[in-house]
Amino acid sequence: MTNFSRSKSTGTIGFPEFKPTRPGPDKYENIHNDDDEYEEGHSTTSTDYYDASTPLSSHASRSGNGSGSGQLTVVDLLAAVLRKSLVMSCAMERGEDDVVASMDIGWPTEVKHVSHVTFDRFNGFLGLPSELEPEVPPRAPSASVSVFGVSAKSMQCSYDDRGNSVPTILLRMQKRLYTEGGLKAEGIFRINPDNGKEEHVRRQLNCGVVPRGIDVHCLAGLIKAWFRELPTGVLDVLTPEQVMRCNTEEDCSRLVILLPPVESAILDWAIGLMADVVEHEQFNKMNARNVAMVFAPNMTQMADPLTALIHAVQVMNFLKTLILMNLKERENADAKARWLKKQTSDPSEEWESQHSEILSPEKPNNNNPKFLRVATLCRLEADNEEEFWNIKKRNDHEGVLDTSSGNGNIGPVQRLCKHPLFQLSKSTKKAFVSNRDEGRKGREAWSSRLSSLPW
């Protein structure tokens, strides 16, 4: 705003000094003509009026009062100054004050680049100054002050058992849920926790600390809250039409491939968590449908409540199919592992492990009554075998075994026959004894017949 001041000669700064003179008689006609023109132009626009009253107008139009023309000029100047001040105040009220104020702010001076700090998803803050390390942990759970409501791309991540890149805070909560017995808690992920406890645990999780002795239902509720408070849902990339047309396992597999890498890894981790809960259904009463039902509303975000409810039902069926597929993959993997172990194991070791209890009856397995019964039968068979060999010794005339050697040494054939592998079972020995008796009787009958024939 330009400031005006009076000089000693009643002039203005920036304008030449003006000395009014009395007009002559020949100029009165011009004065009257100017007054007529003023009256005609007064009804046009206010701009003409302002222009006519500016300090730059001719002195002839304002010299009608003679000696008072100098005072009129000062009044006009003051009016112009007030008019400009009003215009500037109106412009500042319309928001132009920001533009004017920005011109008064200069560029920063004496700036020094101390350090360059970046956040890595796997290593946390990199390049952190040493004076800030006590306040900010180098492996912070998130680049933000909170782990909730933050994108997974700006959080510290780790790898799970399946090789998925998952936020570390989720893996810590999962581990603590398992160690606290959450898989066997009835109604896990379905029972809502206490709000007071949840807020306290939230503050600790924002610092990257999972407290011990936490309520498993509170921890399960925070896992669902993490998915619910994401900026974008895990399944928001998929349209409702795509999820609705997903009816078979093949359709679900093709639909998972369409997800971005970050969302796909988080979904696979979540499906594994749900499958672990379903495996303990006999304790927690949560089957595949129940777990999918409580997780479905947290996987998508929609503004319309009715549309969100309909879409949640479709997402529930999608999650249920993925859970059943995960359980089937686990069963197939376990069966394959058992088959490979059986193929790679030594046959002799396997035979010894299977017959260790039978071959050593003096060390029966007291925890298994079946093996105890087998050991008892083995001892009975051993007694029968001893009686059988005593019968053989008494029947030396039949030539079955030669036990009357002069030096008392046992031959190699006899030593081989006494090996446990070649000892007969009870039923076989009975059959052998009966066949031997029948053969002896048959030979005696043939010998009597032959003796009765007339030679």
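Quick reminder: no glycine exception, Cβ is built from N, Cα and C everywhere.
The compositional bias 'Polar residues' annotation in Swiss-Prot covers 1-12 (among others).
The compositional bias 'Basic and acidic residues' annotation in Swiss-Prot covers 24-33 (among others).
Taken from Swiss-Prot, the feature compositional bias 'Low complexity' covers 43-54.
Annotated compositional bias 'Polar residues' per Swiss-Prot: 55-64 (among others), in sequence order.
Within the model, the domain 'CRIB' (105-118) carries an average pLDDT of 64. Residues or ranges marked as domain 'CRIB' by Swiss-Prot: 105-118.
Taken from Swiss-Prot, the feature domain 'Rho-GAP' applies to 153-331.
For Arg190 (site 'Arginine finger'), applying a Cβ distance below 8 Å and a minimum sequence separation of six or more within one chain yields Met286, Asn290, Val294. Under the DSSP three-state reduction, Arg190 (site 'Arginine finger') is assigned to coil, being neither helix nor strand. Annotated site 'Arginine finger' per Swiss-Prot: Arg190, in sequence order.
Sequence annotations record features per position, and here Swiss-Prot assigns compositional bias 'Basic and acidic residues' to 435-446 (among others).
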